[in-house]
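Undergrad: Got a structure for you, written out below as structure tokens; questions coming shortly.
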Amino acid sequence: MAKIVKVIGREIIDSRGNPTVEAEVHLEGGFVGLAAAPSGASTGSREALELRDGDKSRFLGKGVLKAVGAVNNEIAGAIVGKDASNQAEIDQIMIDLDGTENKSKFGANAILAVSLATAKAAAASKGLPLYAYIAELNGTPGVYSMPLPMMNIINGGEHADNNVDIQEFMIQPVGAKTLREALRIGAEVFHNLAKVLKAKGLNTAVGDEGGFAPNLGSNAEALACIKEAVEKAGYVLGKDVTLAMDCASSEFYNKENGKYEMKGEGRSFTSQEFTHYLEELCKQYPIVSIEDGQDESDWEGFAYQTKVLGDKVQLVGDDLFVTNTKILKEGIEKGIANSILIKFNQIGSLTETLAAIKMAKDAGYTAVISHRSGETEDATIADLAVGTAAGQIKTGSMSRSDRIAKYNQLIRIEEALERAGTPAPFLGLKAVKGQA
């Protein structure tokens, strides 16, 4: 038994200078797990609650002492003495103790930090790397794959202080044979994009996720700049590198008139018009994945978009599904989208995260493991991507150490599996829905 003997919560600082929750779980035998909760900027309305103190005299109201207090008191009191290797039981104890639908009593930030720290401690007690332990929890021991990175190299929307409406323009180094080669290709395109932007007299400052955040005339101009950078780096767009976008459409959807208002371009679209706008971009550029291409509440619009684009483009639900199996189940039944973005702080525990990934895969949907715009050095999502053989990961650009921490962990994992004589496959474009 991997008996929990101590649980410690603390307030640490994330990549945006805001507090977040870190938890330590100590086991008999001296094994320790340490994990921190991430934080989002553009959030789905049905996400589990991130508990903030609201005390304007501390961190502008963003303190997390209440959540930390829950870790050190109620949660610690309930799980000390329990077996850390029973992840589902530990998570359920915290969920039941919280007693709310959206984890608003203790905060998903408190529950998740303890959930992940518990898994790390249990993995250490078994002498397993975290990805291997996650594969065991997932019911797929020894089944791994290295994920195709979706690298957010131009930031807009809520992730940047610029006039670009679409939140993320991403590259996928699909021509790579390994994760390490994919990162090299991504880095080379990133550095060439800096040169392209500089030559145009555009800003090369970076946004929350490490991508550039220039003011551009249109979303198409962002794609054109990336195309030029790919070619300058010596690669072929559509063969070596494909494109993906996160529209984060809820951020520019006007609920009063039902229009998608792209202020940066000075254009307004109905739901169906916006789908056809995206369809045109897909005809002009090799865009193989679109995230949140409609407002989270516009299920009729999503159904239409899935009908129009779903057989040739991966349509990822982020704000749409919020890593929630109840919502995902309804989406699957109604034929909404064909992929889910997995952010474990949207649901608030590792067990529930694994359930969402399994439900998606069983239904023929893909699962894209994702960071949040507010991150720390915690690299658990790298192990989650490998240990569930998800096939795809979104963890930012080729700058900011909070993003690079995840890529470096993937490098370590890929190398460790190769040295053990059990290399994990890198599926490239085959991992993307509709592209196999």
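From the backbone N, Cα and C atoms, a Cβ is placed for every residue, glycine too.
Features from Swiss-Prot:
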type	residues	note
BINDING	Q167, K343, R372, S373, K394	(2R)-2-phosphoglycerate binding site
ACT_SITE	E209	active site, proton donor
BINDING	D246, E291, D318	Mg(2+) binding site
ACT_SITE	K343	active site, proton acceptor
Undergrad: Given the recorded positions E209, D246, E291, D318, which one's Cα is the least distant from that of R372 ((2R)-2-phosphoglycerate binding site)?
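TA: With Cα distances computed to R372 ((2R)-2-phosphoglycerate binding site), the winner among E209, D246, E291, D318 is E209.
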Undergrad: Please name the residue among the binding-site residues K343, K394 whose C-beta has the most neighbouring C-beta atoms within 10 angstroms.
TA: K394
Undergrad: Whole-number Å distance between the CA of K343 ((2R)-2-phosphoglycerate binding site) and the CA of E291 (Mg(2+) binding site)?
TA: 13
Undergrad: Could you measure between D246 (Mg(2+) binding site) and Q167 ((2R)-2-phosphoglycerate binding site) for me? Cα positions, answer in whole angstrom.
TA: 6
Undergrad: Around the Mg(2+) site formed by D246, E291, D318, list the extra residues of the same chain whose Cβ is within 8 Å of the site's Cβ centroid.
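TA: Checked against the 8 Å cutoff, the neighbours are Q167, E168, M245, C247, A248, I290, D292, V316, G317, D319, L341, K394.
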Undergrad: Closest to E209 (active site, proton donor): which of the binding-site residues E291, D318, S373, K394, going by Cα position?
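TA: Given the candidates E291, D318, S373, K394, the nearest one is S373.
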Undergrad: How many whole Å apart are the CA atoms of Q167 ((2R)-2-phosphoglycerate binding site) and E291 (Mg(2+) binding site)?
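TA: Cα-Cα, rounded: 10 Å.
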